[in-house]
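Colleague: So that we are looking at the same thing, I have put the structure below in structure tokens.
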Amino acid sequence: MQKHIAVILGDGIGPEVTQQSLKVLDAVAEKFGHEFSYEYGLMGADAIDKTGNPLPDETLEICRRSDAILFGAIGHPKYDNDPTAKVRPEQGLLRIRKELQLYANIRPINTYASLHHLCPLKPQNLEGVDFIIFRELTGGIYFGNKQKAEDGSSASDSCTYTREEIERIAHLAFHFAQKPERRKKLTLVDKANVLETSRLWRKVVQDIAPQYPDVTVDYMFVDNAAMQIILNPKQFDVVLTENMFGDIISDEASVLSGSLGLLPSASVGTGTVLFEPIHGSYPQAAGKDIANPIGSILSTALMLEYLGMNEEAKLVRKAVEWTLSSKFVTKDIDPLNYYFTSTIGDLISDFVADRIPTDINQLNIELRKSTLI
Ligand SMILES: NC(=O)C1=CN([C@@H]2O[C@H](COP(=O)(O)OP(=O)(O)OC[C@H]3O[C@@H](n4cnc5c(N)ncnc54)[C@H](O)[C@@H]3O)[C@@H](O)[C@H]2O)C=CC1
Ligand SMILES: CC(C)CC(=O)C(=O)O
Ligand SMILES: [Mg+2]
């Protein structure tokens, strides 16, 4: 198969984790005889530095003519620490989501036995955790009208949802809950006891639920959901929620897996689909070769599946699991004995391309040891 991929490296650790995904794609191409071509687009602080615009139109054109988009992360402390900045990297990310109508961000949450010790929860509460968050991505407070008083005495962000915006992601989540491998349970997370938009979400979900009689629906306020994710994460199957709640509870849920650096996502909509780790640009790690590339690599596995390459996706996941269980891990997983980002990318791509020697002691890789956490 020949596939054309738009690649947006972005800022901070974005480029270094995405480079590992590209290595893995090259290994997939080698093993299965595919051909991937790449076209690079600018976004974020990098794009502002080079063009003055956080999302140049050229990037959108590259994305539109591609079969899929692979994105790293954006964001830079010089904007995070300047509340007066008018142009910000995040505007690029919000705009690409809106322009490409990427209305659903799908974030699978699962755990790995070899990483249970990283989570403060008891291992018996982690075994079998397997849920998926459907986060609305092009509406709500992130896209509402923003106002600021001239004298700086007040500011507001408004939150708006239309029935149609809720319906389209709700149908997607219900369909997903019906899949044979799911437990046929959908939990709507909202704040319907306070917010008018949340009451609309409840009404819309109640209205369409009868179309999916095999799916059990329950409703949970977001404050309770934040607690339940920690208290009893196994109760969740498919979680449906609005933009900001989904952003927050999915970072929280990454604690169950062991690191924010492990979690992948797919942003789907009406056109080209975008694949991105759920983390941000982690600027403290930028250029140090210590970030975990697995969130990006598992996003690449989701991309392969979307491109119809199921066997390839399965092999990439197997390679990831092999590195984790063999203790080939980055600093977030084991701060005392860790490997570089690029080494993990090499190992996962070597596994995919059958280049790992039977005796792994023959691997010529550098183990970093640190006494500092
Ligand atoms: N999709 C995107 O591009 C996103 C961008 N951002 C931006 O990223 C910048 C930093 O934001 P933060 O709130 O610090 O979030 P962040 O996700 O970049 O990092 C938060 C913490 O998570 C851990 N972490 C994140 N990614 C990791 C990885 N790959 N490997 C190991 N550990 C990892 C680190 O401990 C880090 O301090 C900001 O400018 C923010 O606006 C934040 C979230 C999403
Ligand atoms: C940087 C924000 C716009 C988004 C975010 O935190 C996310 O998509 O996870
Ligand atoms: Mg986030």
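Glycine is no exception: its Cβ is also placed from the backbone N, Cα and C atoms.
Reproduced below are the annotations present in TrEMBL:
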type	residues	note
BINDING	Arg97, Arg107, Arg135, Asp223	substrate binding site
BINDING	Asp223, Asp247, Asp251	Mg(2+) binding site
DOMAIN	4-348	domain 'Isopropylmalate dehydrogenase-like'
SITE	Tyr142	site 'Important for catalysis'
SITE	Lys191	site 'Important for catalysis'
Colleague: Given the recorded positions Arg135, Lys191, which one's Cβ is surrounded by the fewest other Cβ atoms within 10 Å?
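Modeller: Candidates: the recorded positions Arg135, Lys191. Fewest Cβ atoms within 10 Å: Lys191.
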Colleague: Could you round the CA separation between Arg97 (substrate binding site) and Tyr142 (site 'Important for catalysis') to a whole angstrom and send it over?
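Modeller: Just about 11 Å between their Cα atoms.
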Colleague: As a check: which entries in Arg97, Arg107, Arg135, Asp223, Asp247, Asp251, the binding-site residues, place their Cβ less than 6 Å from an atom of ligand 2?
Modeller: Asp247
Colleague: What is the biggest Cα to Cα gap, in Å, among Arg97, Arg107, Arg135, Asp223, the residues listed as binding substrate?
Modeller: 27
Colleague: Just checking the recorded positions Tyr142, Asp247, Asp251: which sit within 10 A of Asp223 (substrate binding site), CA to CA?
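Modeller: Near Asp223 (substrate binding site) by Cα: none of them.
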Colleague: Scan Arg97, Arg135, Lys191, Asp223 for recorded positions whose C-beta lands under 6 Å from an atom of ligand 3 and note them, or write none.
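Modeller: With ligand 3 as the reference and 6 Å as the Cβ limit, the list is empty: none.
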Colleague: Residues with Cβ closer than 8 Å to the Cβ of Tyr142 (site 'Important for catalysis'), same chain and 6+ apart in sequence?
Modeller: Leu94, Asn243, Met244
Colleague: Is it possible to get the count of other C-beta atoms within 10 angstroms of the C-beta of Asp247 (Mg(2+) binding site)?
Modeller: 18
Colleague: Measure the Cβ-based neighbour count of Arg97 (substrate binding site), defined as the other Cβ atoms within 10 Å of its Cβ.
Modeller: 20
Colleague: Would you list the other residues of this chain near Mg(2+) - those whose C-beta lies within 8 angstroms of the C-beta centroid of Asp223, Asp247, Asp251 - in sequence order?
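Modeller: Those within range, site residues removed, are Val222, Ala226, Met244, Phe245, Gly246, Ile248, Ile249, Ser250, Glu252.
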